[in-house]
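As given in TrEMBL:
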type     : residues                       : note
DOMAIN   : 5-140                          : domain 'Nucleoside diphosphate kinase-like'
BINDING  : K13, F61, R89, T95, R106, N120 : ATP binding site
ACT_SITE : H123                           : active site, pros-phosphohistidine intermediate
Amino acid sequence: MSTPVEETLVLVKPDGVARNLTGEILRRIEAKGYQLVDIRLVEADLDLLSQHYAEHQGKPFYEPLLEFMQSGPIVAIRVAGQRVIEGFRSLAGTTDPTTAAPGTIRGDLGRDWGLKVQQNLVHGSDSPESAARELALWFA
Ligand code: RTP
Ligand code: MG
């Protein structure tokens, strides 16, 4: 039995775009062997972001998170491959960039900037259900 190809949504968040790390992040995705299927530069509005982050509504970091995600352009990427959803989460590293493992995107390239929200360079869908929902939002 073969492993089916799946798709995930990767976002290079405004901090990653502003720091000119989009190429480095794409390089890591391609070097891992995943396929770039579609890519676009997006200025996300409140409507898109509140749908994207619906699960976090009411949490203390929710408002700063939406503000941060509106602070500049985002690169949205549709990425395909076998087990790419968990594979990209592994490439990204854990949420807090200060302690994310070296070798990961967040661990190698991210840090705490003393701001109200973790600016951690990338987003990756966390399940097949999230991936389908988020890809429909960002690639409508
Ligand atoms: P993402 O959804 O962006 O891929 O990140 P994640 O699964 O690792 O983290 P999640 O828990 O879904 O949180 C979404 C984003 O909110 C920001 N955050 N800041 N305490 C904080 O300052 C804090 N907690 C979460 C991060 O940007 C995180 O990626
Ligand atoms: Mg998440």
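Every residue, even glycine, has its Cβ placed from backbone N, Cα and C.
A map of TrEMBL features onto the structure.
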| residue | record | DSSP class |
| --- | --- | --- |
| K13 | ATP binding site | coil |
| F61 | ATP binding site | coil |
| R89 | ATP binding site | helix |
| T95 | ATP binding site | coil |
| R106 | ATP binding site | helix |
| N120 | ATP binding site | coil |
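Proximity to ligand 1 (Cβ under 6 Å from any of its atoms) holds for these recorded positions out of K13, R89, R106, H123: H123. Residues of the domain 'Nucleoside diphosphate kinase-like' (5-140) grouped by DSSP class, helix first, strand second and coil last, total 59 helix, 30 strand, 47 coil. Across the residues annotated as binding ATP (K13, F61, R89, T95, R106, N120), the two Cα atoms farthest apart lie 21 Å from each other. The C-beta environment of H123 (active site, pros-phosphohistidine intermediate), restricted to residues of the same chain at least 6 apart in sequence and closer than 8 Å, consists of L9, V10, L11, K13.
If you take every residue in the domain 'Nucleoside diphosphate kinase-like' (5-140) and average the pLDDT, you get 98. Neighbour counts of Cβ atoms within 10 Å were compared for the binding-site residues T95, N120, and the top value is held by N120. A simple way to gauge crowding: the CB of F61 (ATP binding site) has 13 other CB atoms within 10 angstroms, across all the protein chains here. The Cβ of R106 (ATP binding site) lies under 8 Å from the Cβ of A92, G93, T94, T95, D96, P97, A100, N120, L121, V122, each of these being in the same chain and 6 or more residues away along the sequence. R89 (ATP binding site) is surrounded by 18 other CB atoms, counting those within 10 A of its CB over all protein chains shown. The number of other Cβ atoms within 10 Å of the Cβ belonging to K13 (ATP binding site), over all protein chains shown, comes to 23.
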